[in-house]
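Chemist: Pulled the feature table from Swiss-Prot, pasting it below:
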BINDING   HIS6, ASP9, HIS144  Zn(2+) binding site
REGION    369-388  region 'Disordered'
Amino acid sequence: MAVHAHPDDEALWTGGLLAHLSRRGADVRVVTCTLGEQGEVIGEPMQGLIADEADMLGGFRYRELEDSLRILGVNGVHHRPCVLGGVGCWRDSGMVGTPSADHPRAFVKSGQQAVDALKALMSEFCPDIVVTYGPDGGYGHPDHIRAHEITHAAVAELPHTSAPELGGDNTDLFSAVLARRHGGRETSADHGIPDPVVLWAVRGETALKQAGRAISRIPDGWVAPSGMDFSFVDGAAGAVDSASSEKTPDKITEPDLAFVPDDLVDLAVQLSDADIEAQANAMAAHATQLWIADGRQSWTNPESAWAVSDPTVAPKVFALSNRIAQPLMREEHYVVAYGGSGPWAKTTPARYAYDSSVVRARGRSAFSLDQADEGAAHDTSEQSGQRR
């Protein structure tokens with residue numbers, strides 16, 4: 001189960017892992033907490049959907065979410081969105097300090113009701129693994145932080161029956177997921193759920209910077225992220241070294257792209273070409289929010305964009321509405337935050353920070369999911385023909 005704040009987060013933060021596990025036969029559920037009503041819009045045709053005008057962006061993004069879930073192969077055979085509390089229950093709170101956080105349905109005000117709603121979904125689905133963001137929400141968005149809070153609260157409040165064994169090489173973490181559909185476990189809210197492993201989606205510093213340096217040219221009008229030591233080329237403007245001409249080195253306090261130190265990354269999941277393609281297509285389904293620089297167009301955003309990068313390191317380049325160029329990496333990074341049994345178990349939630357008080361997680365361990373689950377008992381998903 002992946003618990004995400006807005007439509008598009010499932011593809012952007014966890015799309016590679018979700019697509020791969022689905023393709024290999026795991027039952028994958030994405031829970032979306034809001035409809036992203038406060039988002040900006042890429043492309044001129046749909047600008048009128050934003051909250052300050054028609055305020056219809058949430059419904060439009062619901063449809064984009066449907067397409068993304070279908071591409072990733074998750075949320076059952078019909079790939080229907082699972083919106084926490086039901087469609088329209090909670091609203092996008094907007095960025096820090098914006099008036100939208102005062103809306104009576106703002107997700108930051110969801111309280112125990114949101115925890116109870118997530119507990120009900122977990123009791124029904126009985127996940128072995130729960131994926132969300134770290135305590136900072138990945139980049140500080142209030143809804144992402146709230147998703148983290150309710151995820152840990154729900155896991156803590158539900159009764160548990162057992163914990164998946166985590167082997168020293170961490171491959172058993174994903175074997176447990178693939179075995180789940182064959183195990184026939186009977187669980188309920190009364191008897192408890194298997195003690196799930198909680199993962200936080202992050203990006204490790206070295207891999208992100210290496211992928212960024214693999215980009216040699218970005219589209220006209222896009223900008224390079226500040227604080228990352230990248231030097232891209234814009235076909236019209238020449239070298240682009242910063243996300244804003246107003247940002248001089250003495251004004252830059254934080255990088256534009258969020259990352260964590262390498263030693264906080266527990267899992268560096270290597271993605272196949274099929275995983276990357278599924279993730280990129282799922283991201284492109286959110287055309288009002290994400291722009292893939294591979295020439296594709298949509299009726300939402302009819303303007304094409306092209307970037308040049310080393311596909312062995314950064315197979316795609318994308319941007320949000322701010323047009324800051326980012327690499328789509330060949331691996332996804334996760335912190336094992338809580339749960340499980342065996343050598344990798346964590347009985348208290350992990351924490352990460354950028355100061356000496358951080359509770360250090362184990363060092364990075366890269367592996368291929370294809371290799372990790374070769375020969376898994378009853379695993380016939382490679383022959384299932386499931387559509388990507």
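Cβ coordinates are placed from backbone N, Cα and C, and glycine is handled just like the others.
Would you situate these features in the structure and describe their surroundings?
Modeler: Counting every protein chain shown, the number of other Cβ atoms lying within 10 Å of the Cβ of HIS144 (Zn(2+) binding site) is 26.
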Chemist: Using all protein chains in view, find how many other C-beta atoms are within 10 Å of the C-beta of ASP9 (Zn(2+) binding site).
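Modeler: Looking across every protein chain shown, the total is 29.
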Chemist: What is the set of residues, excluding HIS6, ASP9, HIS144, whose C-beta falls within 8 angstroms of the centroid of the C-beta atoms at the Zn(2+) site?
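Modeler: Residues close to the Zn(2+) site, other than HIS6, ASP9, HIS144: HIS4, ALA5, ASP8, TRP13, CYS33, GLY36, TYR133, GLY137, GLY138, HIS141, ASP143, ALA147.
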Chemist: Using a Cβ cut-off under 8 Å and a sequence separation of 6 or more, which residues in the same chain sit near HIS6 (Zn(2+) binding site)?
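Modeler: Once residues fewer than 6 apart are set aside, HIS6 (Zn(2+) binding site) is near THR32, CYS33, THR34, LEU35, GLY36, GLY39, ARG61, ASP92, ASP143.
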Chemist: Can you tell me the three-state DSSP label for HIS6 (Zn(2+) binding site)?
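Modeler: Once the DSSP labels are grouped into three classes, HIS6 (Zn(2+) binding site) ends up as coil.
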